[in-house]
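**Student:** Sharing a structure here in structure tokens format.
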Amino acid sequence: MTNIRKSHPLIKIVNESFIDLPAPSNISAWWNFGSLLGVCLILQILTGLFLAMHYTSDTATAFSSVTHICRDVNYGWIIRYMHANGASMFFICLFMHVGRGVYYGSYTFMETWNIGILLLFTVMATAFMGYVLPWGQMSFWGATVITNLLSAIPYIGTNLVEWIWGGFSVDKATLTRFFAFHFILPFIISALAAVHLLFLHETGSNNPSGISSDSDKIPFHPYYTIKDILGLLVMLMLLMTLVLFSPDLLGDPDNYTPANPLSTPPHIKPEWYFLFAYAILRSIPNKLGGVLALVLSIMVLAIVPLLHTSNQRGMMFRPLGQCLFWLLVADLLTLTWIGGQPVGHPFITIGQLASILYFSIILILMPIFGTIENQLLKW
């Protein structure tokens, strides 16, 4: 008799994805982030569900309902802060996951990579809408500024913005629809993640060497289940340290002031994980140009596979490529810092230089360095 794990139609899918899955024997801790993202998503859906039980999406009561969750609901404070800081952990894992993909050339799995980019956009949209829900000053003005960017689209821009707002300004209709979208999007993300995995399992995982590992595979369980649990414990420890010791570290103090359309905060800025894109947006003096640069800062990832010129897949044996990759990381950290600074000298210039460098590395320098390395290996 066949094992039920291998014969049952439903259990078989789980078995082939998480138990008997043939995995390369040499994948490092950088391959942990996929499973960590899955855990983050489940954590966000569960904490979000419990928050939604007590939250009211009405401009008059939204701020008070969040305060009520923190003060009066049993363990409401920990649920709220796990959800808020869980989003930060989600993005840390996302950036590490994408960085791993760029470093080790995982982007050559085109379908998996493109679904991943779509996932990144969807998660960013979800996080943005979630930030609007507490209806503090930064929520309101963040929503106003970011949705207003769409007005840069020629001809239909203004109508589009008012259609999204459900009126002539960010108001009750906007908050209600943002809550509805914020609730439904994580389930769409779950479906996309399943498709992401489906495409990944068509080809099998990449590995640090970038060479086919078909000749040396090991079962996912117990080897990588144990390895993933270690990563999970480290992540949960970091998350709970943040939640229990400094829950407001990554938040904005302005969001503890109820939304007031008549008073603009001195410095409008998004959450830390959007600051790099926000800095690129601000570095271009033209509104439409800024919006295009903002979208391109993520969409540029879709062009990365087309610009791969090296004969080697990953950067493990490519010192020039490695230098360029870490320069890109440093540049993104610089952009993140600039995005949180007020608009003024010298931050404007630094932001513009960092933005130029960001696009130059990906679109110009990486393909050139790949070709140079190919030539050097011939000598």
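Cβ from N, Cα, C; glycine included.
Sharing the record's features from Swiss-Prot:
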- 33-53: transmembrane segment (TRANSMEM)
- 77-98: transmembrane segment (TRANSMEM)
- H83, H182: heme b b562 binding site (BINDING)
- H97, H196: heme b b566 binding site (BINDING)
- 113-133: transmembrane segment (TRANSMEM)
- 178-198: transmembrane segment (TRANSMEM)
- H201: ubiquinone binding site (BINDING)
- 226-246: transmembrane segment (TRANSMEM)
- 288-308: transmembrane segment (TRANSMEM)
- 320-340: transmembrane segment (TRANSMEM)
- 347-367: transmembrane segment (TRANSMEM)
**Student:** Are there residues of the same chain, six or more positions away from H196 (heme b b566 binding site), whose CB falls under 8 angstroms from its CB, and which are they?
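**Tutor:** In sequence order, the residues whose Cβ lies under 8 Å from that of H196 (heme b b566 binding site) (at least 6 apart) are T112, I115, G116, L119.
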**Student:** Is the number of Cβ-Cβ pairs under 8 Å between the transmembrane segment (178-198) and the transmembrane segment (33-53) three or more, considering only pairs separated by 6 or more positions?
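**Tutor:** Judged by the Cβ rule, the two regions touch, with the required three close pairs present.
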**Student:** Tell me the Cβ contacts of H201 (ubiquinone binding site) under 8 Å, same chain only and six or more apart in sequence, or just say none.
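**Tutor:** Spatial neighbours, sequence-distant, of H201 (ubiquinone binding site): E16, S17, L21.
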**Student:** Using a Cβ distance cut-off of under 8 Å, indicate which of 33-53, 113-133, 320-340 has the most pairs with the transmembrane segment (77-98).
**Tutor:** 33-53
**Student:** Roughly how many Å separate the Cα of H97 (heme b b566 binding site) from that of H83 (heme b b562 binding site), to the nearest whole number?
**Tutor:** 20
**Student:** Around the Cβ of H83 (heme b b562 binding site), how many other Cβ atoms lie within 10 Å? Please give the count over every shown protein chain.
**Tutor:** 21
